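A.B. asks: Here it is: the structure, laid out below.
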Amino acid sequence: MKLAMIGFGQAGGKVLDKFLEYDERTGSGIVRAAVAVNTAKADLMGLEHVDEDNRVLIGQSRVKGHGVGADNELGAEIAEEDVGEIQGAIDNIPVHEVDAFLLISALGGGTGSGGAPVLAKHLKRIYTEPVYGLGILPGKDEGGIYTLNAARSFQTFVHEVDNLLVFDNDAWRKAGESVAGGYDEINEEIATRFGILFGAGEIDGSDDVAESVVDSSEIINTLAGGGISTVGYASETVQQQDSGGLLSRFRGEDDMAGEDSASTTNRITSLVRKAALGRLTLPCEIDGSERALLVVAGPANYLNRKGIERGRKWLEEQTGSMEVRGGDYPVGDSDKVASVVLLSGVTNVPRIKELQGKAIEAQDNIEEIREESDENLKELVEDDQDELESLF
Ligand code: GDP
């Protein structure tokens, strides 16, 4: 599936950069166009793979290229005012060649947190292509303002996009490590999971011996209906596929076929379970998911219809959904079989409820502290008996 990707803010830009790197490395062909938007000039300059012409600095008259300092209301205002500049870059995208837009942004910061929902609303008004969001939640140790920003942005963003795919930084923090320490690894994880998912819809089915290739319309239909999505992933290294060389002569054809069908099916079903029950991009209860899509990627002789069909049925039972799609994604030169499970329309997400609770607490605290400090300042500046007079 071909995407027009827009990275908004610092994290959005960095993840977009990672997608471009992934695309170049794997040849997946998912990034048809890439635009980075920011109010901070230094962040745009730090990108490595996004074309310089496609880096849009907004809000110059307001913040002079220095960013919005985690003020997402300002981020939203600037995006609103300068949406024409962003549109200028999007005008260069051959939109008729893309299947959808993907807006990538952290929800805890300022520029992307405020700006991405504004841009989503704008794009939906202008284009008929679906507009998806990839929203990144902050780590729990990042503090009140990030939590409050994320909760407000999340609520706004969900309403403006056709589907919000969520990645929770907190779930990916390694023990004893701050979130910041592991960004590169985290971004790699994001690119791999979503890269395989969206890459699946890019195969035309004519090459290799794919039995039931995923089409981009299946991805779109799984995401249609809106709401929140999460993605699971599991992989296993297998022996590199050889093309009838010495190895296959030693093994003998029968042996190869026999070994394959039973263990291929078992491997796939076990990978599907691991993906769905393991760490999701947004941890949640999978029971109650409205729709799901299973993609099994790997060398064609490690994929089979039976494995995918069993995996799909198992997902139906676990989610209780009647809309579970599945298919394969043959990747000739890979030494891995991977399973990616997209769960769409998830509603049982304790992490979001917790985020909202913490955000309300932070909001109340911020108001209280502001009122208190106004009073304290007044007390400090004014003399007790009101004997002094201000100059003017
Ligand atoms: P903005 O530039 O004002 O939109 O703000 P940021 O994009 O820096 O948003 C801050 C949030 O993004 C924090 O919650 C960080 O944890 C998160 N963040 C910053 N950089 C990265 C990154 O490279 N990867 C990921 N996954 N999260 C990041």
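Sequential numbering from 1, following the chain as shown.
Any Cβ shown, glycine's included, is placed from N, Cα and C.
All TrEMBL annotations are machine predictions without curation.
For reference, TrEMBL lists these features for the protein:
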type: DOMAIN; residues: 2-205; note: domain 'Tubulin/FtsZ GTPase'
type: BINDING; residues: GLN10, ALA11, GLY12, GLY13, LYS14, GLY110, THR111, GLY112, GLU142, ASN169, ASN187; note: GTP binding site
type: REGION; residues: 373-392; note: region 'Disordered'
type: COMPBIAS; residues: 381-392; note: compositional bias 'Acidic residues'
A.B. asks: Give the number of CB atoms, excluding that of GLN10 (GTP binding site) itself, located within 10 Å of its CB.
C.D. replies: 24
A.B. asks: Note the mean pLDDT of the domain 'Tubulin/FtsZ GTPase' (2-205), expressed as a whole number.
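C.D. replies: Averaged over the domain 'Tubulin/FtsZ GTPase' (2-205), per-residue pLDDT gives 95.
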A.B. asks: If the GTP binders are GLN10, ALA11, GLY12, GLY13, LYS14, GLY110, THR111, GLY112, GLU142, ASN169, ASN187 per the record, what's the largest distance between their Cα atoms, in Å?
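C.D. replies: The two farthest binding residues have Cα atoms 20 Å apart.
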A.B. asks: Name the residues of the same chain, 6+ apart in sequence, whose Cβ is under 8 Å from the Cβ of GLY12 (GTP binding site)?
C.D. replies: ILE6, ALA36, VAL37, LEU103, ILE104, SER105, ALA106, GLY112, ALA116
A.B. asks: Can you count the other CB atoms that lie within 10 A of the CB of ASN187 (GTP binding site)?
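C.D. replies: 22, counting other Cβ atoms within 10 Å of ASN187 (GTP binding site).
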A.B. asks: Name the residues of the same chain, 6+ apart in sequence, whose Cβ is under 8 Å from the Cβ of THR111 (GTP binding site)?
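C.D. replies: Expected: PHE8, GLY9, GLN10, VAL37, ASN38, THR39, ALA40, GLY67, VAL68, ASN72, GLY75, ILE78.
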A.B. asks: What are the helix, strand and coil residue counts for the region 'Disordered' (373-392) according to DSSP?
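C.D. replies: Within the region 'Disordered' (373-392) the tally stands at 9 helix, 0 strand, 11 coil.
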